[in-house]
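Trainee: Before I ask anything, let me first share the structure, which is written out below as C-alpha coordinates.
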Amino acid sequence: MVTIVLGSQWGDEGKGKITDYLSQDATLCCRSAGGHNAGHTIVHDSVTYDFHILPSGLVSPKCINLIGAGTVVHIPSFFKELSALADKGLVDVDSRVFISDRAHVCFDLHSVVDGLEEAKLGGRKVGTTGKGIGPCYSDKASRRGVRVGEILDEEVFERKLRNLESGYRSRFGELAYDVEDEINRFKEYRQKLKPYIVDQLSFLQKYKNDDRILVEGANALMLDLDHGTYPFVTSSSTGLGGAIQGLSLNPTKIKNIIGVVKAYTTRVGSGPFPTEQLNEFGEKLQVAGREFGVTTGRKRRCGWFDLVLCRYSLAVNHYTALNLTKLDILDDFDEIKVAVAYTLPDGTRLEDSYPADPNLIEKLEVEYITLPGWKTNTMGLTKYEDLPENAQKYVEYIERGLDGVPIKWIGTGPAREHLIIR
(Lines of atoms letter the chains of each structure in order from A and count residues from 1; the text may use other names and numbers.)
(Lines give C-alpha, C1' and ligand atoms only; values in the text may rest on other atoms or scores of the structure.)
Protein backbone atom coordinates (compact mmCIF):
# COMPACT_ATOMS: atom_id res chain seq x y z
CA MET A 1 0.00 0.00 0.00
CA VAL A 2 1.27 3.46 -0.94
CA THR A 3 0.26 6.67 0.84
CA ILE A 4 1.08 9.97 -0.85
CA VAL A 5 1.17 13.29 1.03
CA LEU A 6 0.79 16.36 -1.20
CA GLY A 7 0.64 20.10 -0.65
CA SER A 8 -2.67 21.55 -1.82
CA GLN A 9 -1.92 25.27 -1.93
CA TRP A 10 1.39 27.14 -2.50
CA GLY A 11 3.52 25.15 -0.10
CA ASP A 12 4.30 25.56 3.60
CA GLU A 13 1.05 23.82 4.52
CA GLY A 14 2.70 21.63 7.16
CA LYS A 15 3.28 18.45 5.15
CA GLY A 16 6.26 17.50 7.29
CA LYS A 17 4.18 17.05 10.42
CA ILE A 18 1.67 14.60 8.94
CA THR A 19 4.51 12.81 7.15
CA ASP A 20 6.31 12.51 10.46
CA TYR A 21 3.16 11.13 12.09
CA LEU A 22 2.50 8.61 9.31
CA SER A 23 6.15 7.57 9.03
CA GLN A 24 5.95 5.98 12.49
CA ASP A 25 4.23 3.05 10.79
CA ALA A 26 6.01 3.27 7.43
CA THR A 27 8.72 0.96 6.22
CA LEU A 28 9.88 3.34 3.51
CA CYS A 29 9.56 7.13 3.12
CA CYS A 30 10.36 8.70 -0.27
CA ARG A 31 10.89 12.12 -1.82
CA SER A 32 9.77 12.12 -5.45
CA ALA A 33 10.61 15.60 -6.80
CA GLY A 34 12.17 18.94 -5.97
CA GLY A 35 15.39 19.71 -4.17
CA HIS A 36 16.76 21.66 -1.24
CA ASN A 37 14.44 24.54 -2.15
CA ALA A 38 11.77 22.73 -0.13
CA GLY A 39 11.72 23.34 3.58
CA HIS A 40 9.71 22.18 6.54
CA THR A 41 10.07 21.88 10.28
CA ILE A 42 9.20 18.96 12.54
CA VAL A 43 8.98 19.23 16.32
CA HIS A 44 9.43 15.86 18.01
CA ASP A 45 10.10 15.28 21.72
CA SER A 46 10.66 19.05 22.06
CA VAL A 47 13.45 18.96 19.45
CA THR A 48 13.04 20.98 16.23
CA TYR A 49 14.31 19.45 13.00
CA ASP A 50 14.61 21.35 9.72
CA PHE A 51 14.30 19.35 6.50
CA HIS A 52 15.08 20.40 2.93
CA ILE A 53 16.20 17.57 0.63
CA LEU A 54 16.05 14.70 3.12
CA PRO A 55 12.79 12.78 3.68
CA SER A 56 11.34 13.50 7.11
CA GLY A 57 10.89 9.77 7.72
CA LEU A 58 14.41 9.96 9.18
CA VAL A 59 12.82 11.11 12.45
CA SER A 60 11.30 7.63 12.80
CA PRO A 61 14.14 5.25 13.76
CA LYS A 62 12.85 2.21 11.84
CA CYS A 63 12.00 4.02 8.60
CA ILE A 64 14.22 3.70 5.50
CA ASN A 65 14.31 6.78 3.26
CA LEU A 66 14.77 7.29 -0.49
CA ILE A 67 15.49 10.43 -2.51
CA GLY A 68 13.93 9.53 -5.85
CA ALA A 69 14.82 9.91 -9.51
CA GLY A 70 12.63 12.98 -9.96
CA THR A 71 14.61 15.04 -7.47
CA VAL A 72 17.65 17.29 -7.87
CA VAL A 73 20.27 16.94 -5.15
CA HIS A 74 22.77 19.52 -3.94
CA ILE A 75 25.38 17.19 -2.48
CA PRO A 76 26.94 19.61 0.07
CA SER A 77 23.46 20.34 1.43
CA PHE A 78 22.70 16.62 1.61
CA PHE A 79 25.68 15.97 3.87
CA LYS A 80 25.16 19.16 5.89
CA GLU A 81 21.56 18.23 6.59
CA LEU A 82 22.50 14.66 7.54
CA SER A 83 25.11 15.97 9.95
CA ALA A 84 22.67 18.41 11.55
CA LEU A 85 20.12 15.64 12.15
CA ALA A 86 22.76 13.36 13.67
CA ASP A 87 23.96 16.19 15.93
CA LYS A 88 20.40 16.49 17.26
CA GLY A 89 20.36 12.84 18.25
CA LEU A 90 18.63 11.05 15.38
CA VAL A 91 19.96 7.50 15.20
CA ASP A 92 21.51 5.73 12.21
CA VAL A 93 20.68 8.51 9.77
CA ASP A 94 23.66 7.61 7.57
CA SER A 95 22.43 4.06 7.08
CA ARG A 96 18.74 4.89 6.55
CA VAL A 97 18.83 7.17 3.52
CA PHE A 98 19.56 6.44 -0.14
CA ILE A 99 19.62 8.43 -3.40
CA SER A 100 18.51 7.23 -6.82
CA ASP A 101 21.38 7.14 -9.29
CA ARG A 102 18.99 8.80 -11.75
CA ALA A 103 18.42 11.90 -9.62
CA HIS A 104 20.16 14.98 -11.01
CA VAL A 105 22.96 16.92 -9.36
CA CYS A 106 22.28 20.53 -8.41
CA PHE A 107 25.60 22.39 -8.50
CA ASP A 108 26.72 25.68 -6.99
CA LEU A 109 26.93 26.72 -10.65
CA HIS A 110 23.15 26.42 -10.85
CA SER A 111 22.71 28.78 -7.89
CA VAL A 112 24.89 31.40 -9.60
CA VAL A 113 22.85 31.07 -12.80
CA ASP A 114 19.59 31.23 -10.82
CA GLY A 115 20.54 34.64 -9.49
CA LEU A 116 21.53 35.91 -12.93
CA GLU A 117 18.28 34.73 -14.50
CA GLU A 118 16.19 36.35 -11.76
CA ALA A 119 18.10 39.61 -12.17
CA LYS A 120 17.35 39.64 -15.91
CA LEU A 121 13.62 39.30 -15.21
CA GLY A 122 13.62 42.46 -13.10
CA GLY A 123 10.13 43.36 -11.88
CA ARG A 124 8.65 40.13 -13.25
CA LYS A 125 11.03 37.86 -11.39
CA VAL A 126 9.65 34.52 -10.22
CA GLY A 127 10.89 34.91 -6.66
CA THR A 128 12.85 31.67 -6.55
CA THR A 129 14.71 30.44 -3.48
CA GLY A 130 17.97 31.07 -5.33
CA LYS A 131 19.03 27.46 -4.79
CA GLY A 132 19.55 26.69 -8.48
CA ILE A 133 16.57 24.38 -8.84
CA GLY A 134 15.23 25.92 -12.06
CA PRO A 135 18.54 25.90 -13.95
CA CYS A 136 19.19 22.33 -12.79
CA TYR A 137 15.82 21.09 -14.08
CA SER A 138 16.41 23.09 -17.26
CA ASP A 139 19.68 21.23 -17.82
CA LYS A 140 17.87 17.96 -17.18
CA ALA A 141 15.20 18.77 -19.79
CA SER A 142 17.89 19.87 -22.25
CA ARG A 143 19.69 16.53 -21.76
CA ARG A 144 22.92 18.11 -20.56
CA GLY A 145 22.47 17.57 -16.83
CA VAL A 146 24.61 15.40 -14.58
CA ARG A 147 23.02 12.47 -12.76
CA VAL A 148 24.02 11.40 -9.26
CA GLY A 149 25.29 8.05 -10.55
CA GLU A 150 27.71 9.87 -12.86
CA ILE A 151 29.54 11.37 -9.90
CA LEU A 152 31.21 7.98 -9.46
CA ASP A 153 32.79 8.17 -12.94
CA GLU A 154 35.38 10.88 -12.47
CA GLU A 155 36.19 11.41 -16.16
CA VAL A 156 32.55 11.64 -17.27
CA PHE A 157 31.59 13.82 -14.31
CA GLU A 158 34.36 16.37 -14.81
CA ARG A 159 33.82 16.58 -18.57
CA LYS A 160 30.08 17.18 -18.20
CA LEU A 161 30.47 19.80 -15.46
CA ARG A 162 33.09 21.69 -17.47
CA ASN A 163 30.77 21.61 -20.48
CA LEU A 164 27.95 23.04 -18.35
CA GLU A 165 30.16 25.83 -17.08
CA SER A 166 31.39 26.62 -20.59
CA GLY A 167 27.83 26.84 -21.91
CA TYR A 168 26.71 29.21 -19.17
CA ARG A 169 29.83 31.35 -19.55
CA SER A 170 29.06 31.71 -23.26
CA ARG A 171 25.57 32.87 -22.34
CA PHE A 172 26.28 35.20 -19.42
CA GLY A 173 29.93 36.16 -19.83
CA GLU A 174 31.90 36.26 -16.61
CA LEU A 175 30.54 34.13 -13.78
CA ALA A 176 31.31 34.46 -10.08
CA TYR A 177 32.12 30.77 -10.12
CA ASP A 178 35.20 28.52 -10.31
CA VAL A 179 34.44 25.19 -11.98
CA GLU A 180 37.75 23.65 -10.87
CA ASP A 181 36.95 24.49 -7.27
CA GLU A 182 33.63 22.61 -7.50
CA ILE A 183 35.32 19.68 -9.25
CA ASN A 184 37.89 19.45 -6.45
CA ARG A 185 35.19 19.42 -3.79
CA PHE A 186 33.52 16.48 -5.52
CA LYS A 187 36.79 14.54 -5.32
CA GLU A 188 36.12 14.49 -1.58
CA TYR A 189 32.44 13.57 -1.99
CA ARG A 190 32.94 10.75 -4.51
CA GLN A 191 33.79 7.89 -2.17
CA LYS A 192 31.80 9.34 0.69
CA LEU A 193 28.67 9.37 -1.48
CA LYS A 194 29.03 5.88 -2.94
CA PRO A 195 27.18 3.93 -0.17
CA TYR A 196 24.11 6.15 -0.56
CA ILE A 197 23.60 5.68 -4.32
CA VAL A 198 21.18 2.97 -5.46
CA ASP A 199 19.37 1.75 -8.55
CA GLN A 200 15.89 2.99 -7.64
CA LEU A 201 13.92 0.30 -9.45
CA SER A 202 15.72 -2.66 -7.91
CA PHE A 203 15.73 -0.89 -4.54
CA LEU A 204 11.94 -0.43 -4.65
CA GLN A 205 11.38 -4.02 -5.75
CA LYS A 206 12.32 -5.07 -2.23
CA TYR A 207 9.25 -3.18 -1.01
CA LYS A 208 6.77 -4.11 -3.73
CA ASN A 209 4.76 -6.37 -1.42
CA ASP A 210 5.05 -4.08 1.58
CA ASP A 211 1.95 -2.14 2.57
CA ARG A 212 3.69 0.78 4.24
CA ILE A 213 5.32 3.02 1.64
CA LEU A 214 4.97 6.74 2.28
CA VAL A 215 5.63 9.38 -0.39
CA GLU A 216 6.41 12.89 0.82
CA GLY A 217 5.51 15.57 -1.70
CA ALA A 218 7.51 18.79 -1.82
CA ASN A 219 6.23 22.29 -2.60
CA ALA A 220 2.54 22.09 -3.61
CA LEU A 221 0.06 21.77 -6.47
CA MET A 222 -0.15 25.51 -7.17
CA LEU A 223 3.63 25.53 -7.71
CA ASP A 224 3.43 22.63 -10.18
CA LEU A 225 5.14 23.27 -13.51
CA ASP A 226 2.03 22.25 -15.48
CA HIS A 227 -0.89 22.93 -13.14
CA GLY A 228 0.35 25.82 -10.99
CA THR A 229 0.34 29.59 -11.48
CA TYR A 230 2.88 29.43 -14.31
CA PRO A 231 5.42 30.99 -14.70
CA PHE A 232 5.42 31.70 -10.94
CA VAL A 233 6.03 28.06 -10.11
CA THR A 234 8.83 25.66 -9.31
CA SER A 235 10.46 23.58 -12.04
CA SER A 236 9.16 20.12 -11.17
CA SER A 237 5.88 18.23 -11.07
CA THR A 238 4.66 18.68 -7.51
CA GLY A 239 1.32 16.88 -7.80
CA LEU A 240 0.16 13.29 -7.98
CA GLY A 241 1.65 12.76 -11.44
CA GLY A 242 5.09 13.84 -10.27
CA ALA A 243 4.97 11.42 -7.34
CA ILE A 244 4.20 8.50 -9.65
CA GLN A 245 6.76 9.54 -12.28
CA GLY A 246 9.58 10.43 -9.89
CA LEU A 247 9.41 7.11 -8.06
CA SER A 248 8.17 4.75 -10.82
CA LEU A 249 5.19 3.86 -8.62
CA ASN A 250 2.53 1.34 -9.54
CA PRO A 251 -0.67 3.47 -9.56
CA THR A 252 -2.77 0.46 -8.59
CA LYS A 253 -0.87 0.26 -5.29
CA ILE A 254 -1.85 3.80 -4.24
CA LYS A 255 -4.41 3.62 -1.43
CA ASN A 256 -4.30 7.08 0.15
CA ILE A 257 -3.72 10.50 -1.40
CA ILE A 258 -3.61 13.01 1.43
CA GLY A 259 -3.97 16.69 0.61
CA VAL A 260 -2.50 19.03 3.20
CA VAL A 261 -4.31 22.38 3.46
CA LYS A 262 -3.53 25.24 5.78
CA ALA A 263 -6.55 26.78 7.56
CA TYR A 264 -5.68 30.02 5.76
CA THR A 265 -3.47 30.62 2.70
CA THR A 266 0.17 31.63 2.34
CA ARG A 267 2.58 32.13 -0.49
CA VAL A 268 6.33 32.84 -0.74
CA GLY A 269 7.76 34.74 -3.69
CA SER A 270 6.08 36.42 -6.62
CA GLY A 271 2.89 35.53 -8.43
CA PRO A 272 -0.87 35.98 -8.19
CA PHE A 273 -2.59 35.43 -4.84
CA PRO A 274 -6.33 36.28 -5.00
CA THR A 275 -7.09 36.12 -1.27
CA GLU A 276 -3.92 37.91 -0.10
CA GLN A 277 -4.58 40.40 2.69
CA LEU A 278 -2.27 43.41 2.53
CA ASN A 279 -3.75 44.78 5.74
CA GLU A 280 -3.98 44.11 9.45
CA PHE A 281 -5.55 40.68 8.87
CA GLY A 282 -2.64 39.54 6.71
CA GLU A 283 -0.16 40.92 9.22
CA LYS A 284 -1.97 39.20 12.09
CA LEU A 285 -1.86 35.86 10.26
CA GLN A 286 1.81 36.35 9.49
CA VAL A 287 2.74 37.09 13.10
CA ALA A 288 0.48 34.51 14.77
CA GLY A 289 1.43 31.81 12.28
CA ARG A 290 5.15 32.62 12.42
CA GLU A 291 5.08 32.68 8.65
CA PHE A 292 8.73 32.77 7.69
CA GLY A 293 10.20 30.44 5.06
CA VAL A 294 12.31 27.57 6.44
CA THR A 295 14.62 27.71 3.40
CA THR A 296 14.90 31.45 2.76
CA GLY A 297 13.70 33.13 5.95
CA ARG A 298 11.46 35.36 3.82
CA LYS A 299 8.12 36.54 5.17
CA ARG A 300 5.25 34.59 3.68
CA ARG A 301 2.37 36.48 2.11
CA CYS A 302 -0.86 35.67 3.96
CA GLY A 303 -4.56 35.60 3.12
CA TRP A 304 -7.90 33.91 3.70
CA PHE A 305 -8.70 30.28 2.87
CA ASP A 306 -9.47 29.86 -0.83
CA LEU A 307 -12.05 27.19 -1.65
CA VAL A 308 -11.78 27.87 -5.38
CA LEU A 309 -8.07 27.15 -5.35
CA CYS A 310 -8.50 24.04 -3.20
CA ARG A 311 -11.32 22.68 -5.38
CA TYR A 312 -9.01 23.01 -8.35
CA SER A 313 -6.23 21.29 -6.40
CA LEU A 314 -8.62 18.47 -5.50
CA ALA A 315 -9.63 18.02 -9.14
CA VAL A 316 -5.99 17.62 -10.19
CA ASN A 317 -4.70 15.49 -7.32
CA HIS A 318 -7.80 13.40 -6.44
CA TYR A 319 -7.35 13.52 -2.67
CA THR A 320 -8.90 10.72 -0.65
CA ALA A 321 -8.45 12.56 2.66
CA LEU A 322 -7.35 15.96 3.93
CA ASN A 323 -5.15 17.27 6.69
CA LEU A 324 -6.20 20.78 7.81
CA THR A 325 -3.27 22.46 9.53
CA LYS A 326 -2.69 25.45 11.83
CA LEU A 327 -6.32 25.80 12.88
CA ASP A 328 -5.13 27.31 16.16
CA ILE A 329 -3.69 30.33 14.33
CA LEU A 330 -7.26 31.52 13.74
CA ASP A 331 -8.15 31.43 17.46
CA ASP A 332 -8.08 35.20 17.95
CA PHE A 333 -10.14 36.33 14.94
CA ASP A 334 -13.64 37.75 15.45
CA GLU A 335 -14.61 36.78 11.92
CA ILE A 336 -12.99 34.55 9.33
CA LYS A 337 -13.48 34.81 5.59
CA VAL A 338 -13.44 32.03 3.02
CA ALA A 339 -13.23 32.63 -0.73
CA VAL A 340 -16.05 30.75 -2.46
CA ALA A 341 -15.96 32.11 -6.03
CA TYR A 342 -14.11 34.37 -8.46
CA THR A 343 -15.66 36.83 -10.88
CA LEU A 344 -13.66 37.50 -14.04
CA PRO A 345 -13.63 40.93 -15.74
CA ASP A 346 -16.19 39.69 -18.30
CA GLY A 347 -18.59 38.68 -15.52
CA THR A 348 -17.89 34.94 -15.64
CA ARG A 349 -18.20 33.36 -12.18
CA LEU A 350 -15.79 30.55 -11.27
CA GLU A 351 -16.26 28.19 -8.34
CA ASP A 352 -14.15 25.15 -9.15
CA SER A 353 -11.69 26.05 -11.90
CA TYR A 354 -8.59 28.21 -11.83
CA PRO A 355 -7.53 30.59 -14.64
CA ALA A 356 -4.30 29.69 -16.43
CA ASP A 357 -3.44 33.32 -17.20
CA PRO A 358 -1.70 35.04 -14.26
CA ASN A 359 -2.64 38.46 -15.65
CA LEU A 360 -6.30 37.45 -15.55
CA ILE A 361 -5.95 36.23 -11.97
CA GLU A 362 -4.62 39.65 -10.97
CA LYS A 363 -7.83 41.28 -12.31
CA LEU A 364 -10.51 38.99 -10.88
CA GLU A 365 -12.80 39.81 -7.96
CA VAL A 366 -13.05 37.42 -5.02
CA GLU A 367 -16.40 36.51 -3.47
CA TYR A 368 -16.21 35.68 0.24
CA ILE A 369 -18.48 34.27 2.88
CA THR A 370 -17.86 35.36 6.46
CA LEU A 371 -17.90 32.85 9.30
CA PRO A 372 -17.86 33.67 13.02
CA GLY A 373 -14.61 33.14 14.88
CA TRP A 374 -14.38 31.18 18.12
CA LYS A 375 -12.09 33.39 20.25
CA THR A 376 -10.97 30.36 22.26
CA ASN A 377 -7.54 28.77 22.61
CA THR A 378 -7.43 25.51 20.63
CA MET A 379 -3.68 24.93 20.70
CA GLY A 380 -2.78 21.39 21.66
CA LEU A 381 -6.31 19.98 21.50
CA THR A 382 -6.45 16.33 20.43
CA LYS A 383 -10.21 15.60 20.42
CA TYR A 384 -12.60 16.99 17.83
CA GLU A 385 -15.42 17.35 20.33
CA ASP A 386 -13.22 19.66 22.41
CA LEU A 387 -13.04 22.22 19.60
CA PRO A 388 -15.33 25.25 20.03
CA GLU A 389 -18.57 24.96 18.06
CA ASN A 390 -17.56 27.66 15.59
CA ALA A 391 -14.22 25.97 14.96
CA GLN A 392 -16.07 22.73 14.18
CA LYS A 393 -18.38 24.64 11.85
CA TYR A 394 -15.36 26.12 10.07
CA VAL A 395 -13.83 22.66 9.55
CA GLU A 396 -17.12 21.22 8.33
CA TYR A 397 -17.75 24.14 5.97
CA ILE A 398 -14.41 23.54 4.27
CA GLU A 399 -15.09 19.81 4.15
CA ARG A 400 -18.45 20.34 2.42
CA GLY A 401 -16.87 22.81 0.02
CA LEU A 402 -14.33 20.19 -1.03
CA ASP A 403 -16.88 17.61 -2.18
CA GLY A 404 -17.09 15.98 1.23
CA VAL A 405 -13.53 14.63 1.13
CA PRO A 406 -12.97 13.89 4.82
CA ILE A 407 -10.72 16.10 6.90
CA LYS A 408 -9.19 13.26 8.90
CA TRP A 409 -6.46 15.21 10.65
CA ILE A 410 -6.52 18.72 12.14
CA GLY A 411 -3.35 20.44 13.30
CA THR A 412 -3.60 22.43 16.53
CA GLY A 413 0.05 23.25 17.11
CA PRO A 414 3.59 22.53 15.91
CA ALA A 415 4.35 19.29 17.76
CA ARG A 416 3.56 15.78 16.53
CA GLU A 417 1.06 15.29 19.36
CA HIS A 418 -0.82 18.53 18.55
CA LEU A 419 -3.13 16.67 16.23
CA ILE A 420 -6.83 15.83 16.15
CA ILE A 421 -7.66 12.56 14.42
CA ARG A 422 -11.29 12.30 13.34
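Quick reminder: no glycine exception, Cβ is built from N, Cα and C everywhere.
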Trainee: For the IMP site that Swiss-Prot lists with D12, E13, G14, K15, N37, A38, G39, H40, R143, N219, T234, R298, give the additional residue from the candidates T128, T129, T252.
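Mentor: Looking through T128, T129, T252, the residue Swiss-Prot assigns to the IMP site is T129.
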Trainee: Among all the protein chains here, how many other CB atoms are within 10 A of the CB of D12 (active site, proton acceptor)?
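Mentor: D12 (active site, proton acceptor): 29 neighbouring Cβ atoms within 10 Å.
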Trainee: When a 10 Å sphere is centred on the Cβ of H40 (active site, proton donor), how many other Cβ atoms does it contain?
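Mentor: For H40 (active site, proton donor), the count of other Cβ atoms within 10 Å is 23.
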Trainee: Quick one, of the binding-site residues K17, R298, which Cβ has the fewest other Cβ within 10 Å?
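Mentor: Among the binding-site residues K17, R298, the sparsest Cβ neighbourhood within 10 Å belongs to R298.
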Trainee: What Cα-Cα separation, expressed in whole Å, is found between T41 (GTP binding site) and D12 (active site, proton acceptor)?
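Mentor: Given the Cα positions, T41 (GTP binding site) is 10 Å from D12 (active site, proton acceptor).
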Trainee: Let me check the 10 A CB neighbour count of N219 (IMP binding site). How many other CB atoms are there?
Mentor: 29
Trainee: Hey, what's the widest CA-to-CA gap across D12, E13, G14, K15, N37, A38, G39, H40, T129, R143, N219, T234, R298, the IMP contacts in the record, in Å?
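Mentor: That value is 34 Å for the farthest Cα pair.
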